């Protein structure tokens with residue numbers, strides 16, 4: 001029963017979903033959207049490598065025409081004095097690093113850099129690298145400083161300076177545009193004092209901006225490099241022209257700046273001409289044609305009154321018909337591009353590939369239980385929500401939004417509701433959904449697996465039960481081991497006594513057996529002896545000895561007396 005006077009069923013906006021893969025290259029965005037996979041962002045893939053260095057000369061004081069009459073611009077003198085005091089520590093730090101590098105051998109040069117860093121109180125690897133860069137760039141900075149006079153004389157905002165060593169630099173006059181448009185024509189007019197005040201106010205604002213941008217460099221130039229974002233502030237509108245003219249690339253200037261890959265380092269300051277030489281490190285960029293890095297957002301989906309969450313990578317690389325997982329951990333991610341030094345993609349399984357291509361029967365889902373889950377996502381002005389797990393209401397027009405039992409998620413655009421309420425959260429819908437979504441999807445029971453570290457109810461209970469049983473067995477084993485240790489001496493004595501008793505028993509039994517055998521043998525011998533005596537006596541009776549007829553017996557010899 002509907003609770004509002006304006007009931008609506010989103011199933012009228014849907015058609016049946018086929019699980020066949022979508023035609024064309026790339027992932028099946030329409031099919032995946034029905035099971036809770038939403039594409040939130042697509043970016044181009046850029047590769048970059050360490051490039052060469054360029055140099056920028058920043059004029060800390062604009063070129064001014066000579067004032068007419070006896071007009072004395074005291075504001076410029078005060079500005080120069082303040083700026084010199086401000087930059088003196090920076091110049092001393094640079095001199096400390098560079099002067100310690102005057103030794104001839106390479107080993108001494110490196111030792112000089114370390115000594116210079118020790119004098120500045122820094123010692124990290126990044127700071128050593130920055131200091132070495134300052135030393136290496138000092139020769140180029142010296143060549144650039146020799147051209148300071150020619151730089152001072154020009155009135156152009158950007159001018160190319162080429163020394164005898166073909167060192168290329170770009171001379172920037174940060175506030176020259178203001179001078180050209182406001183001050184240059186005004187100095188020839190009357191009222192020098194008002195012009196002096198106007199120049200002073202501009203220079204004071206510029207000085208405030210200067211101290212804010214170069215604060216870290218003023219403390220220690222080898223501590224942190226100057227970011228291109230800070231450099232753009234001080235260079236103003238001239239920086240895009242520099243980037244586009246000097247560093248030929250198809251990338252947008254804002255994209256380059258937001259990447260943070262363009263860095264600057266102060267390498268020299270000329271106090272006489274009030275000029276600062278900055279070394280700019282510009283990487284080499286190459287775009288991978290046809291490659292897209294896609295961010296995927298997952299929400300829970302409904303499957304026959306069961307809440308499940310699909311298992312897909314949060315970021316993928318889509319190139320032609322190839323799909324890879326892409327973490328981009330070592331890459332720089334900007335709003336429109338991903339800058340990497342190498343391809344960070346990793347292969348995926350065949351089942352996951354088929355799933356991303358639109359074969360939903362190959363997808364793996366995890367059953368989830370809990371209250372604070374990803375049940376909705378807002379992308380491109382359209383709301384994707386699992387209304388089987390959340391209370392979905394529309395405030396404009398007022399109604400309850402229902403979700404069919406066979407539908408995975410609900411898609412809400414401006415044609416359905418202009419303001420949607422998800423439990424206690426309110427969202428404004430601003431865009432029209434231009435994709436047809438299905439009302440249901442089929443899923444094999446084997447495709448539901450417990451994978452992610454969510455609240456998995458029964459599975460978690462089984463794991464806890466197994467752990468408790470294992471802990472109980474371990475406790476029993478420990479108790480038995482303790483008892484065995486305490487009874488070790490008793491068990492040893494008892495074992496020895498038992499062994500002696502067994503040996504004695506064996507010896508006794510052996511002696512008895514030997515005695516019995518000897519007795520039997522003696523009895524047999526006695527019996528055999530008796531039989532032999534009886535036999536001989538009987539034989540003598542039956543066979544008496546023969547009569548003796550010898551001569552002696554017939555004629556006895558007379559005895560002599």
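Glycine is treated like the rest: Cβ placed from N, Cα and C.
Swiss-Prot lists transmembrane segment at one of the ranges 475-495, 496-516, 517-537, namely 496-516.
Screening 359, 548 against Swiss-Prot annotations picks out 359 (annotated as N-linked glycosylation site).
Cβ contacts within 10 Å of residue 363 (disulfide bond), excluding its own Cβ and spanning all protein chains shown: 26. Residue with the densest Cβ environment among the disulfide-bonded residues 331, 355, 387, 392, 394: 355, by other Cβ atoms within 10 Å. Sorting the disulfide-bonded residues 340, 417 by the number of other Cβ atoms within 10 Å puts 417 first. Here the candidates are the recorded positions 80, 340, 359, 363, 417. The one whose C-alpha lies nearest to that of residue 392 (disulfide bond) is 417. If you measure from the Cα atom of residue 387 (disulfide bond) to that of residue 355 (disulfide bond), you get 24 Å.
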